[in-house]
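Here is what TrEMBL says about this protein:
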- A:12-41: transmembrane segment (TRANSMEM)
- A:61-90: transmembrane segment (TRANSMEM)
- A:64-265: domain 'ABC transmembrane type-1' (DOMAIN)
- A:102-124: transmembrane segment (TRANSMEM)
- A:136-160: transmembrane segment (TRANSMEM)
- A:244-267: transmembrane segment (TRANSMEM)
Amino acid sequence: MALALPALRRPSVIPGFGLTLGFTILYLSLVVLIPLSGVVWRTADLGWAEFLRLATDERTLAALKVSFGCAFAAAALNVVFGALVAWVLVRYRFPGRPLLDAAVDLPFALPTAVAGIALTALYAPDGWIGGPLAALGLKIAWTPLGIVVALVFVGLPFVVRTVQPVMEEIEREIEEASATLGASRARTVFRVLAPSLSPALLTGFALAFARGVGEYGSVIFIAGNLPYRSEIAPLLIVIRLEEFNYAAATAIAAVMLAISFAMLLAINSLQAWSRRRYGHG
Amino acid sequence: MEVRIEAVAKDFDRHPALHEIDLAIASGELAALVGPSGSGKTTLLRLIAGLETPGRGRILFGEEDASRLSVQARRVGFVFQHYALFRHMTVLENVGFGLSARPRALRPARAEIDRRARELLELVQLGGLEKRYPPQLSGGQRQRVALARALAIEPRVLLLDEPFGALDAQVRRDLRRWLRELHDRTGHTTVFVTHDQEEALELADRVVVMSQGRIEQAATPDEVYDRPATAFVHGFIGESSRLPVRVEGGEVFLDDRPTGLRADWEGPAELFFRPHQALVGDGAGGLAGMVTGGRRIAGVRRVELELGAAHRRVEVDLPLAQSCAPGTLLAFRPTAFRLYPLAGEGRPADRAPARQLAHG
Ligand SMILES: Nc1ncnc2c1ncn2[C@@H]1O[C@H](COP(=O)(O)OP(=O)(O)OP(=O)(O)O)[C@@H](O)[C@H]1O
Ligand SMILES: [Mg+2]
């Protein structure tokens, strides 16, 4: 290429940069960019005013709020409890550990509808868990809480499986060093262990969050799908499609795309910062 | 602070790692733990630090029973073999960690912590590297950061597990001398593990030789080298050759032939001598062996000999100038040797005490 790109042409010990970059761009275009640009394209057809009207429709806004809010809450819960599960799997040897380890992956493998039906049966007011909770006045199925439950379920392996290998890298000696220096257990966890895990925790959060925003199958059973209250955006898109209201469906899709992309971008840069600060490669 | 280990034993899943051990380390002493891999050195160090709990026995810091104290409360400086630095903290934060972890009432102000950490970094000759992160340091520098971090808590005892294990020979030698100086200056009671016996002999006030979860000997370097308490110590510390002999009427026999050596002993024994403690050449008398090879070791030529029909191998030192071709017969006589009971005489030879130092 006659056109010199100094930043990209830094000599490297690993050959084939040009070829692999070219392939990556082509592949991403085919698999990700072209389908997504379809959404943008269709939206552009609508015209700005029409798009705004559809996107700020009250029911749409409510659905978006439910989708992103629940996904965020579920991902946050998963970070805390996923880290705990990973910790137990990494640090302790106990009978049944291989079973527990395998069980973590179940949400990956299970058809989401199966998960949805199972969770609904459990958390319905007459279910095993839902029953006692209903007696306490806490309704889970057919409320946003139910959505969070479903999203915690599908998002858990993302956190556990991203954090686990990084935890395995932390030598026990690091903890012991902290203890011999006089640090309490809590101080060791929050000042020594957590910071070195933060890039992995952020990645796990991003993955669980992204999965939660896009989740459909397991949610629609437990959510009850009451408009304005427990209706998620992906479901609203399907509803609009069934009404042959392609314009509205596209508008919602475009908004979801924009928000998701912005959030992932933000998380990515936070992660890069945290890796510079805490990771060092 | 004096450290006393009283009848301490430790099992891992019923497999004994340490049999009953007694050891007293005087205040300000620099003691070295040496022994083969798996002999229990790390286990002993971790017991002192409180990172393992003893199955039996007590560990005393001065008059205080440390076995009752948590790791945090023991105030031991532990330097891990792989440093165990906190990689997300700068060098300065690493060194200051122990001070900032103190309970609020005892914690110095931020500026004071930084000042002391800087002071310690000067002490370990790392001034100017405060802002670096551990992965940006060389092995020797990380080692010294780990040491400074351990010193920051004003430890009652300083414990180092193979502090120079991962470093190259030159750096080891420098750090060794430097650690000795640092110890002389700060006067911490220090125990360090090493698998390098040369390091132990050069650096320590006292060498503790361990084998299979037992202490074979704990004495000054001279004592351990010149008067090994057991056959194991003789074989482990320094170079030595061994020959199975028997003593009758005060005379030492090898394969039923007199060796010209005399000893106050009766019956079978194992004879140990060092390569440099042998008179070699015509007229040396006593023993003779066929030269099978030789190599130069610093200022001497070390020759391997095979003795008798059983092809027993021994090594003796010759002056560099003196050459000797393989196949020639060489006469020699140990000028100093020690006898130990033979293995299989009711008790293992490696454990029974030496009874005799004789001069031939
Ligand atoms: N956590 C543990 N669980 C089970 N066995 C252990 C454990 N730690 C040590 N051991 C056993 O205890 C014995 C002593 O081990 P230790 O680590 O103290 O040896 P060492 O003298 O430090 O050896 P090296 O020179 O190789 O470091 C060994 O047989 C070892 O296998
Ligand atoms: Mg060890």
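Every residue gets a Cβ built from N, Cα and C, even glycine.
TrEMBL labels come from automatic prediction, so no person has curated them.
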Original post:
Looking at the transmembrane segment (A:136-160) and the transmembrane segment (A:61-90), are there 3+ C-beta pairs under 8 A, with each pair at least 6 apart in sequence?
Top reply: yes
**OP:** Would you kindly check A:61-90, A:102-124, A:244-267 and say which stretch has the most C-beta pairs under 8 angstroms to the transmembrane segment (A:12-41)?
**Re:** A:244-267
Original post:
Under an 8 Å Cβ to Cβ limit, what residues of the same chain, 6 or more beyond the ends of the transmembrane segment (A:61-90), are close to it?
Top reply: 97, 100-101, 104, 144, 147-148, 151-152, 155-156, 158-160, 163-164, 167-168, 197, 201, 204-206, 208-209, 211-213, 215, 227-236, 252, 255-256, 259
